[in-house]
Amino acid sequence: MESMALWQAGSLCGIVCWILVSSYCNVTGALRSLLQPWVAHQVVVGTPLILQIQRFQHRVLDALFSGLSCVVSVPFYTAFLPLLFWSGHGKLARQMTLLMAFCDYMGNCVKDVVSAPRPSCPPVRRVTATKDEEENAMEYGLPSSHTLNTVCLSGYLLLYVLSYIQSRDALTAYAGFAVVCFLVGLIGLGRIYLGMHSLIDILGGLIMGLVILVFWLTVHDYVDNFIVSGQNVTYFWTTLSFLLLFAYPTPELPTPSFEYHTAFSGVTLGIVAGVQQTYSQFHHEAVPRIFTPQLPLVAFLGRMLVGIPTILLVKVCSKTLAKWTLPMVSNTLSIPIRSTSYIPALSGSVALKKSDEIKQSGYLQKLFFYGRQQSFDVDTGIRFLQYAGLAWSVVDLVPSLFSRLGL
């Protein structure tokens, strides 16, 4: 137990030191000045390739690649992961959630450090069929998050399936590997065809995804053991989530990337806290799994009918509660706050005219020198608590309802 407390304290202190050193030395600015010109040049050089691919423009290809982009997007995985928890594959669901959070954080950090542009439109034709794609287009380009996520999550899923079915057939493994490679290639081609990324973005996402996947396969058992049976798990993860908000780099211009990280960081905290509290009840390895006599398809559909409305209701309630409590706590502590979207009454607070510029800037100053920052964006805390409440309900509240209803 002493050694566990030591490594927890050491890792948190390491992050704090990194925040201080990187802020004092302006590490983000130095890396950006080094990498951004080269990446921007590669984006320009890669434009003829994009235009050549887009010569095959057709509405069928538009629909195909737009649909594939939705299937491997963060909102899709966010909707899919609760079903994975309720299907009885708890370890896979935990690992997929944590891996996606890690991919999201690392990928968005690199995006905002480099702050490299997407392909210029025009001459490139950019297809944004959904609101999610429109928001993605507001982010920086390198690396391609869709490519990165697809490499990591499909690769990890393949290894889990091969382990679960205990297949020693080389042909099955090669076939699965071929499917994953085909999917990654199709996603990469689709992102170029849609005008969302250049070749350098795709290659960056591919390389970064492979590195993260190898790293995760090295540590995933240790992480899972810590979550289900470690000491001070919830306190440690809460502090870690808080510090990672401040460790996030400041982009050249505001983008939605930090908002995505905040939401998924809240999801991760909710999952970790809920699983740690209820592992022996709902998430151990002996729980019923879908397509078995203990959990037939009809019972799983019943779980969906009960679970989905419940987590949506919890999301709304968490957001409402956070909108009420955070401003009250801030006022009690005399902390100046503003809201860019969630609380209209605070939209006229301090520094309204500069809200767009400072929405993602100066996180270290927010922590230590908030007087210089003038005000906090309370939307960050609201978003974090909203998604933490949603995720907690997925692994704690909803399984309790299943138990009471005999599902």
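From the backbone N, Cα and C atoms, a Cβ is placed for every residue, glycine too.
Automatic prediction, not curation, is the source of TrEMBL annotations.
The transmembrane segment annotation in TrEMBL covers 63-86 (among others).
Annotation comment: TrEMBL describes 93-217 as domain 'Phosphatidic acid phosphatase type 2/haloperoxidase'. Helix, strand and coil counts from DSSP across the domain 'Phosphatidic acid phosphatase type 2/haloperoxidase' (93-217) read 91 helix, 0 strand, 34 coil.
Taken from TrEMBL, the feature transmembrane segment covers 146-165 (among others). The list of residues near the transmembrane segment (146-165) in space but at least 6 beyond its ends in sequence, with Cβ under 8 angstroms from a Cβ of it, reads 69, 72-74, 77, 92, 95-96, 99-100, 103-104, 107, 172-173, 176-177, 179-180, 183-184, 187-188, 191, 197, 201-202, 205-206, 208-210, 212-213, 216-217.
Counting only same-chain residues 6+ beyond the ends of the transmembrane segment (172-193), those with a CB under 8 A from a CB of the stretch are 49-50, 53-54, 56, 61, 64-65, 68-69, 72, 127, 144, 146-147, 150-151, 154-155, 158, 161-162, 199, 201-202, 205-206. Feature annotation from TrEMBL assigns transmembrane segment to 172-193 (among others).
The transmembrane segment feature in TrEMBL is assigned to 199-219 (among others). For the transmembrane segment (199-219), the list of distant contacts is 39, 42-43, 46, 49, 95, 99, 102-103, 106-107, 110, 116, 118, 141-152, 155-156, 159, 184, 188, 191-192: same-chain residues at least six beyond its ends, Cβ to Cβ under 8 Å.
Beyond the transmembrane segment (226-248), the same-chain residues lying 6 or more positions past its ends with a Cβ under 8 Å from any Cβ of the stretch are 1, 4-5, 8, 11-12, 15-16, 18-19, 22, 94, 105, 108-109, 112, 258, 261-262, 265-266, 268-269, 272-273, 275-277, 279, 283, 360, 363-364, 366-367, 380, 384. Residues or ranges marked as transmembrane segment by TrEMBL: 226-248 (among others).
If you look up TrEMBL, you'll see 295-314 (among others) marked as transmembrane segment.
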Just to confirm my parser: what is the rounded mean pLDDT across the domain 'Phosphatidic acid phosphatase type 2/haloperoxidase' (93-217)?
89
